[in-house]
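Below is one structure, written out as structure tokens; the observations come after it.
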Amino acid sequence: MTNQIPSASSAADFGSSKSTSVDAVPNMDKSSSVRRKNIDSNGLQQTNQIEQAESSLNAEADHSEPERYGCTPSGKVFLLPKEQENRRSILETVDPRFSKTPWDWIVISSILAQVLLFFMTTGAVRRYSMMLCFFFWRISYDAGIGFLLHMQSNHRKVVTWISDFGFFDKENHPKLYDLTKKQLISKMDSSYNYDTSPLEFNSWLVFRHFVDLILMCDFCSYILMGLAWTCWPKVNIILQFLRIFGGIALIVFNYWVKMDAHRVVRDYAWYWGDFFFLLRSSLVFNGVFELAPHPMYSVGYAGYYGMSLLTGSYAVLFASILAHAAQFGFLLFVENPHIERTYGTDINHARLSPRGEDNEFELPPEHDLVGFVNFDFTRISDVALLIIALYSIFIILLSSNSHYSQFWAIFQAFVWRFLHSIIHAFILFYQSKSKAWTKHFIRNGESAAYAWSQWKGLYNLTLNMSYISFVMAAWKLYHLPSNWTYGLVSLRHALGFGLIALHIYTSVSIYEDLGQYGWFYGDFFLPSRSPKLVYQGIYRYVNNPERFLGCSAYWGLALISSSAWIFLIAILAQLSNLAIIRLVEQPHMQKVYGNTLRKEAGISKLIKQATSEKGNILPKTVETHMKALTTSVDKVLDQTAEALEEFVNTAPPKVQELLKGTESNLRKNAQLAILKLFAPQLSSSTHFDYKLEIKGIDNNQVLLGHPITVCWTASPNHEINDWIGLYKLSDNASDLYTQTSSEGRWSAIDANGYTSHCSSIKSLSNDKNSGEVEFSGDLLFWETGTFEFRYHYGGKHLVMAKTEPFVITATSMNTTDVDEVSAYLLKSIKFCDPNITPHDGDASLCDISEGSARKLTSIIKYSFGIDLSYRVVQVDGSCSALSRRIVNSLKILQSFDGPSGAKDD
């Protein structure tokens, strides 16, 4: 059976593209997508002819029943007869109450031959005979039907062969013609007209009969094989009950999948109708098609594993696995190529990287290393990964199996997993919160695309090494079983490899759906192109498939190795994965895409429908319990997120406060000793008037970089080596003694008192009891905040006077006009270095000193919010180039703050 979904549009619409709206009926994946393209290259030219034919058919049809139309490759439109359920057709074939056609007797004889073989043989002969029968019919299905469909898809050979063989040739093969006509009419509704139906439709009906033969014999042979291999495993009663209950549940589930799939796709897709003609009616894809990708080939074979449980036979299990794998091969090599050939491939919108007018977002082609795909020996990051990986592998392979070697393997796996989780979490957390990663690279003159490129290399390195080291640890702790039939040894290995295969499939599906942009968290580092998400591929069915399926290989290797240490690392990987998704990814998606995030995935909607519809097969309590479980898990994760965020926000200030408090206590003790030493001098000077004021200040605010003039007045008995320092208001708790160093931000009041820091003296009165000093350049703080000046006595740190606290502020520049930015920088440069006076934006800044460049980057940081390295100023070499860089950086960062849209949590 196929899960390829027929067209929901008219022939005139065959060439249209798919809707990408989240609110639309969900699109199927490539093998089950809404088919829109006409297989005839001249189909668009036949639109009028098709519409006229359809109008004629509509006039004659009975409007009381829904009508469906087919379209042949030649463009002929015909009315499809009403369907008779394939279940009824199959049951009538074996039901003795109905008359039988010659073909029915062929089918019955094939089934009875297998049953007879089952009862005529015993022991090993029966078991292997039944297994051979099953494999024969499986090969007939996958290879036989596959070959026929391949030839039909590529060359229309099945229709040609059936026609050439004489099935519809009344003149040359009248008996075969009559038998065919009688057989088809007996299995169809009264609305079917053999003579007027197109050749393609009648050929499809003949093809269906061969398919039914293979399907019925395949089913019968599998049941007989299961009965032949049935045994009673030696396990306790609880496991016996779980085995039987699980087997029955899987078989019932399999039956529901098949029936629900047939309800949706009907016989047309069940029997690969679109290999012969196209259907022209709308289908609503719900039910099982929202449960899993390729449901007819994935969950549709759950009954295989149910039967394996009931029989208790590993032979049946491995035969089922082999048959299931062959079915996926059928999908891969027969159906998917037909879909792509007939309907084209879908444009994967999620894979598209952001593009815009700004060259910043013109990303190079996708050639980054993913795993070891796209490996390039000329790329140092690729070579580094290869060297580290080979070192990690060979150090384990070449070492002995001692406890030390096992410890090293476990330690290596733990460290890489821990590093991957920590680096992954913290970089993405701070990137989402403040774009810290991007700003770091912009600061050094790089682009946002370069920042993302570096993240991709780091992420791929830690991800690959976490996998490689874990595999090597599992290898080191694995012991080859001496008895594969003992206990659950074979089952552990089968489940383990199954989980590994599931992990690989999930990862490949995620990458195919998201592309490199999504795989490497592009919307954390670059602006999203679309405000909405397209839920396609595996994301149609589940939100965050990597949440659990993304760690299935860890659990698979843990089962295979049967090591407690490997289980422990698997638990660490699973918990860290859950934490990153819940604490980092989901908040970011909510922030970027807002209310357009999907509330329910396909599986959730399916369960909800199953518990709400009339006559549902699931009790309402199932939905209630699942909601309660989900709520509980989310509540725990929310509380963890709040605690983690509180820790991240409060831990650094608390640590800083603790260190500062310790330092303050030490300084206070030293302060007391110094105050006692200088107490006589202080007591003799307390009656004199010391004053300190800032000249020309408005509202106690000063612009960043602007010179500050300080007026001072001192006692006639003051010392010539008195001095004035500039400090942050929060740096000194005492008003009597300065506890922190001025770090060069001080000025002498008298040139006779010092040999340096005298150039800032603007004036000194004749009696030398008052004067002015100007703080500029290196004497200033080049950051915003609240500050104060302090007058100190006699070259010491004894405070005689202070100014009122004042605030250094920066002009907020919100413009992205290059000329305005350049003009602002020209004004600011004179405060950074008075010796540089560029007259226009193209004047050279190549000779600017490191100190002056640092001052200019401080002004840029507080005025524009762009943190640049001083080297960038020197490299750009002019205000114009620097202005363009600032504007481009602003556009990059502002693009992250666009309107909220939608993305999957």
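Any Cβ shown, glycine's included, is placed from N, Cα and C.
Listed in Swiss-Prot:
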- 1-22: compositional bias 'Polar residues' (COMPBIAS)
- 40-58: compositional bias 'Polar residues' (COMPBIAS)
- Ser353: phosphoserine (MOD_RES)
- 1-73: region 'Disordered' (REGION)
- 1-104: topological domain 'Lumenal' (TOPO_DOM)
- 150-209: topological domain 'Lumenal' (TOPO_DOM)
- 231-236: topological domain 'Cytoplasmic' (TOPO_DOM)
- 258-268: topological domain 'Lumenal' (TOPO_DOM)
- 290-313: topological domain 'Cytoplasmic' (TOPO_DOM)
- 335-379: topological domain 'Lumenal' (TOPO_DOM)
- 401-408: topological domain 'Cytoplasmic' (TOPO_DOM)
- 430-456: topological domain 'Lumenal' (TOPO_DOM)
- 480-493: topological domain 'Cytoplasmic' (TOPO_DOM)
- 515-552: topological domain 'Lumenal' (TOPO_DOM)
- 574-905: topological domain 'Cytoplasmic' (TOPO_DOM)
- 105-125: transmembrane segment (TRANSMEM)
- 129-149: transmembrane segment (TRANSMEM)
- 210-230: transmembrane segment (TRANSMEM)
- 237-257: transmembrane segment (TRANSMEM)
- 269-289: transmembrane segment (TRANSMEM)
- 314-334: transmembrane segment (TRANSMEM)
- 380-400: transmembrane segment (TRANSMEM)
- 409-429: transmembrane segment (TRANSMEM)
- 457-479: transmembrane segment (TRANSMEM)
- 494-514: transmembrane segment (TRANSMEM)
- 553-573: transmembrane segment (TRANSMEM)
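The transmembrane segment (457-479) makes no contact with the transmembrane segment (210-230): fewer than 3 of their CB pairs lie within 8 A, with pairs spaced 6 or more apart in sequence. Residue counts of the topological domain 'Cytoplasmic' (290-313) by helix, strand and coil are 14 helix, 0 strand, 10 coil (DSSP-based). Counting Cβ pairs under 8 Å to the transmembrane segment (314-334), the stretch among 210-230, 237-257, 380-400, 409-429 with the most such contacts is 210-230.
The average pLDDT computed for the topological domain 'Lumenal' (430-456) is 88. Nonlocal intrachain contacts for the transmembrane segment (409-429), taken as residues 6+ away from its ends with a CB within less than 8 angstroms of a stretch CB, comprise 392, 396, 437, 455, 458-459, 462-463, 465-466, 468-470, 472-473, 475-477, 521, 524, 565, 569, 572-573, 576-577, 579-580, 583-585, 588, 648. Note on the topological domain 'Lumenal' (258-268): DSSP counts are 11 helix, 0 strand, 0 coil. If one looks beyond the topological domain 'Cytoplasmic' (480-493) by at least 6 residues along the same chain, the residues whose Cβ comes under 8 Å of a Cβ in the stretch are 314, 317, 559-560, 562.
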